[in-house]
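Heads up: the structure comes next, in structure tokens.
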Amino acid sequence: MTEDNFSLTPEFILTGFTDHPDLKSLLFVVFSAIYLITMVGNLVLVALIYMECRLHTPMYIFLGNLALMDACCSCAITPKMLENFFSEDRRISLYECMAQFYFLCLAETADCFLLAAMAYDRYVAICSPLQYHTRMSMKLCICMTTAAYIIGNLHSIIQVGLLFRLTFCGSHQINHFFCDVLPLYRLSCVDPYINDLMILIFSGSVQTFSIAIVLISYLYILFTIFTMKSKEGRGKALSTCASHFLSVSMFYGSLLFVYIRPNALNEGDKDISVAVFYTLVIPLLNPFIYSLRNKEVINVIKRIRKNRQFCNIPK
């Protein structure tokens, strides 16, 4: 083998969507629109929750932090991907690559715990409404949110630290549109067994714990809903929980498929389509699923629009 095949790789090339050169203009427009709507939707939701005192409750604090993490996830990935559609070399340095994966891992890990916290919040609100303010206090809400960020940061630091034990040599083309951990493992000339084992343990533990909280909470919620005497109340609660559970199922399902499935290292062709779903599509949908179906958020938006129209009336 040539000497170049053994040279260390200080930077990578993100091949991304180069298999579709004829569609790059269309894909650029589509992903640009997704990015714009995602950022506007999530940041507007964060601003509404921050400014409106009525929304300073555990449910909306969790929702605001979820929107913030979705915006973080989109910011970490989409700008570089859009740049690479019309870039000649599509290069990304090793440290940029590690930073990109760090923020992605932080956002996805924090999302897991925030979704679990939201499920528990809905469980208390529906199953024990009279005890809601004591069982779901603001102090507990802040503790749960802080824990989500702390665990997200720790998980990201561990995974990025493990990546630095690898040596990347030979081919430096990442068959992906961002620096995900599994494509990096495939480029390593050091056996990534330990890294693969650690991501299985840590990611598996995070997802197993949070999924268990979500499933147990929603099982109790469904049991309570079906024992309600009021058909109107049952339909309202079921409609809200169904949309929330759909979003949770899509998020956890895509993460489990990418990181926890058997032979994940040997099935790189499946990574891109699923990654588009959980890094771009779900952050786009979450603001609409969690807010536009919520009457309190809609009422706040209507009141702001009404006040703005009132202020614009000529005197």
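Cβ from N, Cα, C; glycine included.
Heads up, TrEMBL stuff is auto-annotated, nobody curated it.
According to TrEMBL, the domain 'G-protein coupled receptors family 1 profile' annotation covers 41-290.
Feature annotation from TrEMBL assigns transmembrane segment to 26-48 (among others). If one looks beyond the transmembrane segment (26-48) by at least 6 residues along the same chain, the residues whose Cβ comes under 8 Å of a Cβ in the stretch are 17, 20, 55, 63-64, 67-68, 70-71, 74-75, 78-79, 81-82, 85-86, 280-281, 283-284, 286-288, 290-291, 297, 300-301, 304.
Among the features that TrEMBL reports, transmembrane segment is placed at 60-79 (among others).
Within the chain, the transmembrane segment (99-120) has long-range Cβ neighbours (under 8 A, six or more residues past its boundaries) at 59, 62-63, 65-66, 69-70, 72-73, 75-77, 80, 92, 136, 141, 144-145, 147-149, 151-153, 155-157, 159-160, 163, 178-181, 184, 206-207, 209-211, 213-214, 217-218, 244, 248, 251-252, 255, 278-279. Annotation comment: TrEMBL describes 99-120 (among others) as transmembrane segment.
The feature transmembrane segment is assigned by TrEMBL to 140-158 (among others). Tertiary neighbourhood of the transmembrane segment (140-158): same-chain residues 58, 61-62, 65, 101-103, 105-107, 109-110, 113-114, 117, 121, 198, 202-203, 206, selected by CB-CB distance under 8 Å and a gap of 6+ residues from either end.
Positions annotated as transmembrane segment by TrEMBL: 197-225 (among others). Sequence-distant contacts of the transmembrane segment (197-225) (same chain, six or more residues past either end, CB-CB distance under 8 Å): 109, 112-113, 115-116, 119-120, 122-123, 126-127, 151, 155, 158-159, 162, 181, 234, 237-238, 241, 245, 248, 252, 255-256, 259-260.
Look at TrEMBL and you will find 237-260 (among others) tagged as transmembrane segment.
Among the features that TrEMBL reports, transmembrane segment is placed at 272-292 (among others).
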